[in-house]
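Quick look at what TrEMBL lists:
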BINDING   Asp71, Leu72, Thr73, Arg98, Gln114, Asp118, Arg267, Tyr271, Tyr272  L-histidine binding site
DOMAIN    1-357  domain 'Aminoacyl-transfer RNA synthetases class-II family profile'
Amino acid sequence: QGTRDHAPAQAALRERLLSAVVSCFKRHGAAAIDTPVLELRETLVGKYGEGAKLIYELQDQGGELLALRYDLTVPFARYLAMNKITNMKRYHIAKVYRRDNPATTRGRYREFYQCDFDIAGQFDPMIPDAECLKIVHEILSDLQLGDFVIKVNDRRILNGVFAVCGVPESKFIPACSTVDKLDKVPWEEVRSEMVGEKGLSPEAADRIGDYVQLHGGLELIERLLQDPKLSQNKLAKEGLGDMKLLFEYLTLFGITGKISFDLSLARGLDYYTGVIFEAVLLQQENEHVEEPVSVGSVAGGGRYDGLVGMFDPKGRKVPCVGVSIGIERIFSILEQRLEASGEKLRTTETQVLVATPQKHLLAARLKLISELWDAGIKAEMLYKKDPKLLKQLQYCEDTGIPLAAIVGEQELADGVVKLRDVATREEVSM
């Protein structure tokens, strides 16, 4: 099926993960929104480049063509246009659907969560874009996933590169989706796809190769601004100017150590218009390896200034920039780590088990647990009339419940409850 059930431990891990992401989004002042799982087919088609073949299409009884949402960005753009909203900072965490070949070991499914943060509105250049990158940096640092790098590029720079290398404009998008494979396959394969499948001349492909294998920081931006060919291209010049500004803001945020300006980054979606970025986890295979090995993208996003206008009857544009956190891939990584460490994850948050040491005390347990629940304390009891005390304490140990509240005949006579620390076995009466 390419989807999966989650056992309690996995569900608890995912919940913890999602709550860390949500708290970061809220810290940045985003409001939550929700959109339907079903969209009109025409809403989704033509927005995802080569990904369009992965859209799940449906038909209702009246013959209306529908589709399951493929991501959370296109529905958000449709929502802004329908409601004539020109300014919004939002987050959305929900499931999306892709008719993909699943690879469950690598966190690739047909049904999976996306965690999106977007800023819509007309603002000064690169300030919201820098905040999106700061959010990715915060989340990946908070989750302690190890070393990572956030690659940034700009669609305008890429299009400028294609133009000066002699690629016709009609082939920009196909060339883009081929360049996007550079993180997975070597340049030779990308080059042969460009020439063989996308119809580019070998000379153009070679010239593209000289650019798309470059990566660096501010010094590379400065160098490209002086490049005799690129500096003559209006689009590339705009993109490089904004990239320079972006790096200035990222320096103020103190995160440029994890940022790489990478000309091979293309992101295969059609709707990006400006800055694009992708976060990649790095895995140091062993100490002798100079270059860390990438374990795949865990977040991505960019600027999409034209998308809202596609849904507006008058074509009114709302500039947007956003990021999506690849929670499934992160979840797969953390799950593997947890298994490797042998650490047990608590599946409930129960704080106290209400227990009785003698028979015929069910009424006392029910009264006490009711008081605890009403006071907002997370409590449990065993569903037996007369359970043995040892069995109740064993249940606490097995499930990681830290405290047992014990009421026996003596406690009832004295008007106290005995509170037992399960781990240390210390007891206090109160």
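Glycine residues also receive a Cβ, built from the backbone N, Cα and C atoms like all the rest.
What TrEMBL says about a protein is an automatic prediction, not a curated fact.
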Relative to the Cβ of Gln114 (L-histidine binding site), which residues of the same chain, six or more apart in sequence, are found under 8 Å away?
Asp71, Leu72, His92, Ile93, Ala94, Lys95, Val96, Ser324, Ile325, Gly326, Ile327
Site extent for L-histidine (largest Cα pair distance over Asp71, Leu72, Thr73, Arg98, Gln114, Asp118, Arg267, Tyr271, Tyr272, Å):
22
CB within-chain contacts under 8 A for Tyr272 (L-histidine binding site), separation at least 6:
Arg155, Gly302, Arg303, Tyr304
Fewest other C-beta atoms within 10 angstroms of its own C-beta: which of the binding-site residues Asp71, Thr73, Arg267 fits that?
Asp71
